[in-house]
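J.: This is the feature table in Swiss-Prot:
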| type | residues | note |
| --- | --- | --- |
| REGION | 1-35 | region 'Disordered' |
| COMPBIAS | 1-11 | compositional bias 'Acidic residues' |
| COMPBIAS | 12-25 | compositional bias 'Basic and acidic residues' |
| BINDING | 81, 82, 83, 84, 85, 86, 87, 88 | ATP binding site |
């Protein structure tokens with residue numbers, strides 16, 4: 001690649017979605033190099049919401065952020081929730097709504113999993129909080145700490161004092177997966193908002209919009225497979241969609257599972273059906289096949305549980321199956337992750353449905 005092209009790609013990455021829109025549609029689709037010689041923007045970035053009203057899911061929590069944006073007086077906030085649910089995006093949308101053109105000068109964004117030590121609080125954060133920035137009346141500078149639960153205890157202790165000292169000029173917005181890893185003194189200084197995983201229907205609605213805009217050929221079972229592999233994570237869903245389209249040019253379940261490479265739910269479904277029929281030999285053949293393909297016990301047991309939840313079977317039997325799957329998952333998580341454990345699970349599932357032996 002020419003040096004000029006390398007510089008252009010680096011500048012585009014720094015500029016973000018706004019620069020992508022200026023370059024035009026031919027430069028921003030997909031993930032492989034286009035004929036024009038430009039690299040294409042990941043769809044996760046291209047379709048990242050710019051306004052709070054565009055954020056998918058968690059309507060109640062997002063509506064609270066919209067109230068903050070409208071009134072202008074934002075408290076320090078912590079947004080906690082699983083990955084890919086829009087925590088950082090929501091904070092950026094809030095900052096954009098509050099600060100408008102001053103966004104570039106008045107926002108400091110740090111990823112706390114990299115900048116996690118006490119030096120960052122003492123240097124970067126403190127220096128930014130001390131800077132004088134001209135802002136509209138009633139607005140504050142915003143410091144965004146992504147993955148704040150990765151910060152060391154020492155850094156968090158130093159941060160709480162900084163939050164108090166600069167409370168007149170600066171607001172802190174923390175995004176984390178688990179709020180219990182944030183120390184109590186910081187939690188008490190913040191409004192804690194919680195995000196949940198997105199529902200299948202919410203992910204499907206956004207996927208349909210994107211495949212329409214990008215003119216992606218797809219089948220219904222292909223989108224179902226993407227939703228199944230995403231597990232409520234919108235980022236994962238968009239990455240899987242783009243990877244499948246870039247690799248195969250067509251979205252169907254077969255192509256999706258080639259890209260995502262996890263135990264195929266149809267195979268798992270067939271295995272559960274054999275267990276319901278008390279056919280241990282056929283069930284074990286499928287398990288041995290999955291094992292030979294190199295899937296870890298965590299992958300297999302996770303998919304067995306997810307398929308079992310939606311499997312059509314008597315309710316009492318489903319409860320028994322899920323109980324046994326849970327016990328086996330616990331043993332695997334503790335490190336006893338052999339094929340024998342998985343085979344034992346199949347034997348116990350078959351035992352639940354087998355006719356009692358004649359006395």
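Easy rule for this one: first residue shown is 1, then count along the chain.
The backbone N, Cα and C atoms fix where each Cβ goes, glycine too.
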J.: Excluding 81, 82, 83, 84, 85, 86, 87, 88, please set out which residues of the same chain place their CB within 8 Å of the center of the CB atoms of the ATP site, keeping sequence order.
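T.: Neighbours within 8 Å of the Cβ centroid, excluding 81, 82, 83, 84, 85, 86, 87, 88: 175, 177, 195, 233, 234, 235.
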J.: In this structure, which of the binding-site residues 85, 88 has the fewest other Cβ atoms within 10 Å of its Cβ?
T.: 88
J.: Of all the binding-site residues given, 81, 84, 86, which residue's CB has the most CB neighbours within 10 A?
T.: 86
J.: Test of understanding: give the count of other CB atoms lying within 10 angstroms of the CB of residue 82 (ATP binding site).
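T.: Result for residue 82 (ATP binding site): 15 other Cβ atoms within 10 Å.
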J.: What same-chain residues, at least 6 away in sequence, bring their CB to under 8 Å of the CB of residue 87 (ATP binding site)?
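T.: Correct list: 79, 80, 81, 175, 176, 195.
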